[in-house]
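Chemist: Submitted below is the structure of interest, expressed as structure tokens.
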Amino acid sequence: MTLVAECAMEVANIDLQTPLVLRQEEVPFGNSFQGYGKLCKMMQIGIGAVLGPSSKHTALHLMSICDAKDVPYFYGHMWQSAEAFNLHPHQDDISKALHSLLTEFQWSRFIFLYESTEYLNILNTIMALYGLNGPIITVLRYDINLNGNFKSVLRRIRKSIDNYIVVVGSSDTMPEFLRQAQQVGIINEDYKYIIGNLDFHSFDLEEYKYSEANITSLRMFSPEKLRVKELMLKLGYTYALDEYQNGSCPITVEMALTYDALQLIAETTKHISLKAEPLNCTDRSDGVTEDGSTFKNYVRSLNIHKRTLTGQIYFEGNVRKGYTFDVIELQPSGVVKVGTWNELSNYTSQRLKPTSAIFENFDNTLVNRTFIILLSVPNKPYASLVESYKKLDGNNQFEGYGVELIKELANKLGFNYTLINGGNDYGSYNKSTNTSTGMLKEIREGRADLAVTDLTITSEREEAVDFSIPFMSLGIAILYVKPQQAPPATFSFMDPFSEEVWWYLGLAFLGVSLSFFILGRLSPKEWDNPCPCIEEPIELENQFTISNSLWFTTGALLQQGSEIAPKALSVRTVASIWWFFTLIMVSSYTANLAAFLTIETPTTLIENVNDLAENKGGVVYGAKRTGSTRNFFMTSEDERYKKMNEFMTKNPQYLTETNQEGFERVKNSKDHTYAFLMESTSIEYNTMRECSLKKIGDALDEKGYGIAMRKNWAYRDKFNNALLELQEQGVLAKMKNKWWNEVGAGICTTKAEQSDAKSLSMENLEGIYVVLLAGSGLALLHGIISWICFVIRKASNHKVSLKDAFTEEFKFVIDFSTYTRELKTSASIYSRSRNSSISIDTLEANSTQNI
């Protein structure tokens, strides 16, 4: 209770300029003397209002003190006092509610079980409402021995001919009463109960759900209410995961009324200041709270419902009014609301369809039951009217995925069904007003049993109805035009190779040309007699000049050849490797160029959701104005989706009323500057029939379509099991393939979508570069070795120093300014030797030997 008060105070202080302060004192149950002492100490400090303890006797004692000091006193128990404000329903109102149920159920005789004499006032009021023509009532007190053992009375009931029972008692004894009644054997299909306790929803009812007994009770608030859920979370309960679900709730009436009392006090202080003045209650002081009477009078004039758990609150005198009871029933699926009661309209039935008390027996099967099924027509491929020259009616006039799904489920479970067009409004749920629209409203109010269409399972809709397991998974995606062919580029002939390959090709060209030049100078075989008619020339000439080397390499690359022919082995090796390299490169270029010329390379303005969020290329976007897709962006915490939501909010002209309208807008948009956000399954269906459109990027989220049904419906598990069987048997996949890819499709599947041509990269061609590099390296090594051997032989023949010979030959090799070599010159060391005269034949013989 302390946590409830703290949570209520936190909510109450939200919009108060002067926040309220909560002071708490614990009093042992029934210890009025200690309660009196603690209240007096609090009054000496100064208090504005008091929320009383649970004990009736202690509360009455403290109530009289507060009344004497004009301190407002609030409590929440069934017993009444004229000295304080009681937020609990009056006994007379509870009696009227029970009388309405008895009249509705037409009980002609029943047993009235009560805990103690204070509950007899309920019986007196019921009898007064019946008048002289009332039913036969057997009155028994179940706690007759005041020891918590009720079995002696319960055994009398089992032997009685009466099996309709009304039970009134406190929340302390009622759970034990139910347990002992089950032990005695009077909670079964032969007995019907009306429990006159407002905490029935908070009891552990799991073991009674399948007892087949009909148990009806009342409650002041629904656990589905948003503020109730918020309070449960603050108290540490996880609503959807713990044992408190299927209509049950751990929040008791006393907790809820404590919460509401603080909201009532807070609302009053907005208009009347509450002064916490020190008071003395230990002597005969006449001091009272200033404006205490004014504060209490203003409370009596209030009518509030904001932030309360138990609904509307107003007072007639000190008696609380304005509430509405939920009439609840214990069914196999849990606690189910079957009607409402209020003082103005009495009992109003909201029973959707009676369910049996146990899943397993024959009465609860679906055989021969008839359900009303809502479809959205026209809404291909889920449901549409059959195109026929005959006039069709009933279920025969509809076809589609949803229609076939219901047919498969009906074949498995044995039920009958009636298909009705529910329109395009799938519906929404307003938590604050507890109202719904569209298909959800039809199901909640009992005019339909199921809704089968592309209805997305969302947390908001789960507040109003239940869903089956998803029969189809999907996500939000982008509908956009297919990429268009790009206009030809000026240098498109370079596309077959990547930029990296072109750079390496250029470097290889220069490197090989340089290899020809160097090896040509090193190799003696490449030094020719410029005048063959002269047997002893005075100079030799080399054909591998810089320009000739580049020309030879160019000719080989373009596969045209040149007039230059290498002679030395090392030069021929480089030439052979280069020819092999150019063969592979030219063949690869030619093949890939053909692919680039025959395959259209498409371009698109957007490629993913990031491009769309940035409005890349001026592309704008929209979605269906209402529905789960729009709600996804409105509630998303992702910065990209927040930005997209802001764009759609500021530009409502891009939103559409239906998905079909968005589809047409994308197809007809000029310059392809409009994209539409819709569910991926609808995109798949439409793009199979409109070849100019496609889905862009991956799905933005993950969700599913489910079958909507009434809250806590007893047949939900049976539908879920049947759907699982259809999924495991491949029926759902087969149905989707039929309605998506076969019926009305095939237009866009005749031409296979071509893959884009890609430039060849170094990963594709690095092998041939390795061959070129290795071959050129080996040839260069061979050329250097041959040159060294040539110099050694020449030095030996001319009897000159090996060092001088290497020096002269090296200087000549690196002299790039000349491509001729004089054989007889006074500057040469060979001219000064005794074998200075050497013929061409001798030089060639030496070269041959060196090679």
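Cβ atoms here come from the backbone N, Cα and C positions, even for glycine.
All annotation found in TrEMBL is predicted automatically rather than curated by experts.
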Chemist: Which candidate, Cys281, Cys531, Cys533, Cys691, does TrEMBL give as the disulfide partner of Cys40?
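Modeler: Candidates were Cys281, Cys531, Cys533, Cys691; TrEMBL matches Cys40 with Cys281.
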Chemist: Could you pull the average pLDDT for the domain 'Ionotropic glutamate receptor C-terminal' (374-742)?
Modeler: 80
Chemist: When a 10 Å sphere is centred on the Cβ of Glu679 (L-glutamate binding site), how many other Cβ atoms does it contain?
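Modeler: Around Glu679 (L-glutamate binding site), other Cβ atoms within 10 Å: 25.
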Chemist: Can you give me the Cα-Cα distance between Glu679 (L-glutamate binding site) and Cys691 (disulfide bond) in Å, rounded to a whole number?
Modeler: 18
Chemist: Which value in Å gives the longest Cα to Cα span across the L-glutamate site residues Thr456, Arg461, Ser628, Thr629, Glu679 as recorded?
Modeler: 17
Chemist: Work out, from DSSP, the number of helix, strand and coil residues along the domain 'Ionotropic glutamate receptor L-glutamate and glycine-binding' (381-445).
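Modeler: Across the domain 'Ionotropic glutamate receptor L-glutamate and glycine-binding' (381-445), DSSP assigns the residues as follows: 24 helix, 15 strand, 26 coil.
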Chemist: Give me the long-range Cβ neighbours of Cys281 (disulfide bond): same chain, 6+ apart, Cβ under 8 Å, in sequence order.
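Modeler: When sequence neighbours closer than 6 are ignored, Cys281 (disulfide bond) has Leu39, Cys40, Met43, Ile65, Ala68, Lys69 within Cβ distance under 8 Å.
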Chemist: So how many other Cβ atoms are close to Cys40 (disulfide bond), meaning within 10 Å of its Cβ?
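Modeler: So the Cβ neighbour count for Cys40 (disulfide bond) comes to 16.
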